[in-house]
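Comments concern the structure below.
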Amino acid sequence: MQLFAFGVNHHTAPLDIREHVAFTEESMQHALHDLVGHQLVKEAAIISTCNRTEIYCNTDTPDKAVGWLADFHHLHSGDLEPYLYKLLREQAVKHAFRVASGLDSMVLGEAQILGQMKNAVKSAEQAGTLGLLLHKMFQHTFFVAKEVRTSTEIGACSVSMAAAAARLAERIFGNISEQKVLFIGAGEMIELCAAHFVAKRPVHVTVANRTVERAEALSRRFNAHPISLGELPDQLALHDIVVTSTASPLPILGKGMLERAIKLRKHRPIFIVDLAVPRDVEPEVAELDDVFLYYVDDLADIVREGLDSRQGAVTQAETIIDSNVMDFMHWVATRRSVPTIRALRDQAEQFRQHELSRAHKLLAKGEDPVKVLESLSSGLTNKFLHSPSSALNQVSNDEREQLVELVNRLYQLRYPR
């Protein structure tokens, strides 16, 4: 078994590819059970965000694990192959460390990805697909991420996706305080966006969600008006800014709904930021003249602001990561010798028990205790040295020198050459 990580992210795949391999919260447990249940992998954890879908696993068949991803989403492997990255052993570990530290994010140094990785690990634990190897790797991953964030300035001056959405809205409207804002969804991303937008004091804020209770809870925090998704067709035209991020597998806002809203608004422009993957807004909506539609990838230029000033922190972070990759791979290597060490100790215990039993019998017969102890020690010595001595005598001339060096090293022998 070996560590293997594979997937797609904003570096390797466009949005229309990423949304086809995304996992919803509802499908995650089934996906994990399906992957491990087919015995393609021994352990697995899946991270699925707006910018990445990647799978970490412990497997002897990496290619079959990759094939599972395409099959699970009813895709042809050939269509997905050009966008995939596949990382084995230390490369998989380094990737995990970089992702958790925010070095692989669209928003350099962002902290949100660390929470998303922790949620992915929690899901794997709940599904029973997290074993010793992945558990140890992720624990080390979180340790490295903490060290990077506390020892470097990687997160300084970073612009989050939520902040970028607010900045973009200001560039379109100039002043958000004169606009009405509609949030669709009630998850972490919408919560972050609401904090940034509400700080600009918009005229009115509405929160729409499939579960009205969650919309109400978020509305209480931000003094907003809660509605259900079913009310969107009537409410959409009343808002100037729409920010959406749900876990819906299908679009929530279609071209027809936006056309009706624009007509009711008498063609006053409407600004929409869709941070969901899969997308909440149909791509055809971008064809409408009075709609300013931005998807998650469109925010890239804004979130890169301040990047140059943090290159020194990136170098520091990479040094920390490389050192910890070496430490973790050393732990992995030592784990491979555990069965041998255990077998060696078991054999030694058998020798001990055999000689101890023999000594007890001799003592019971009235034998001299000193002679019994000498016999016990002699018996143990002979048993412990029998195998290496036999191996040295039976080995071929070509291999003898190498074996002699190995025995000298194992037993720390010192004698004149």
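Glycine too: its Cβ is placed from the backbone N, Cα and C atoms.
Feature annotations, reproduced from Swiss-Prot:
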- Cys50: active site, nucleophile (ACT_SITE)
- Thr49, Cys50, Asn51, Arg52, Ser105, Glu110, Ala111, Gln112, Gln116: substrate binding site (BINDING)
- Gly185, Ala186, Gly187, Glu188, Met189, Ile190: NADP(+) binding site (BINDING)
- His95: site 'Important for activity' (SITE)
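All protein chains considered, the CB of Gly187 (NADP(+) binding site) has 16 other CB atoms within 10 Å. Same-chain residues at least 6 positions away in sequence with a Cβ under 8 Å from that of Gly185 (NADP(+) binding site) are, in sequence order, Ala208, Asn209, Thr244, Ser245, Thr246, Ala247, Ala276, Asp280. For the recorded site, Gly185 (NADP(+) binding site), the DSSP three-state label reads coil. DSSP assigns Ala111 (substrate binding site) to coil in the three-state reduction, placing it in neither a helix nor a strand. Nearest neighbour of Asn51 (substrate binding site) by Cα distance, taken over the recorded positions His95, Ala186, Glu188, Met189: Met189.
Comparing the Cα of Glu188 (NADP(+) binding site) with the Cα of every entry in Cys50, Ala111, Gln116, these being the recorded positions, the smallest distance points to Gln116.
A C-beta separation below 8 Å, combined with a sequence spacing of at least six in one chain, links Met189 (NADP(+) binding site) to Cys50, Met161, Ala162, Ser245, Leu275. Taking the mean position of the Cβ atoms of Thr49, Cys50, Asn51, Arg52, Ser105, Glu110, Ala111, Gln112, Gln116 as the substrate site, the remaining residues of that chain whose Cβ falls within 8 Å of it are Met106, Val107, Ile113, Met161.
Taking the Cβ of Ser105 (substrate binding site) as reference, residues of its chain lying under 8 Å away and at least six apart in sequence are, in sequence order, Asn51, Val99, Ile113.
Shown are the binding-site residues Thr49, Gln116; of these, the residue with the fewest other Cβ atoms within 10 Å is Gln116.
The residues near the NADP(+) site, meaning same-chain residues not in Gly185, Ala186, Gly187, Glu188, Met189, Ile190 whose C-beta sits within 8 angstroms of the mean position of the site's C-beta atoms, are Phe183, Glu191, Leu192, Cys193, Ser245, Thr246, in sequence order. Sequence-distant contacts (6 or more apart, same chain, Cβ under 8 Å) of Ile190 (NADP(+) binding site) comprise Phe183, Ile184, Val207, Leu218, Val243, Ser245. Put simply, of the recorded positions His95, Ala186, Gly187, the one whose Cα is nearest the Cα of Thr49 (substrate binding site) is Gly187.
For His95 (site 'Important for activity'), applying a Cβ distance below 8 Å and a minimum sequence separation of six or more within one chain yields Ala5, Tyr85, Leu87, Asp104.
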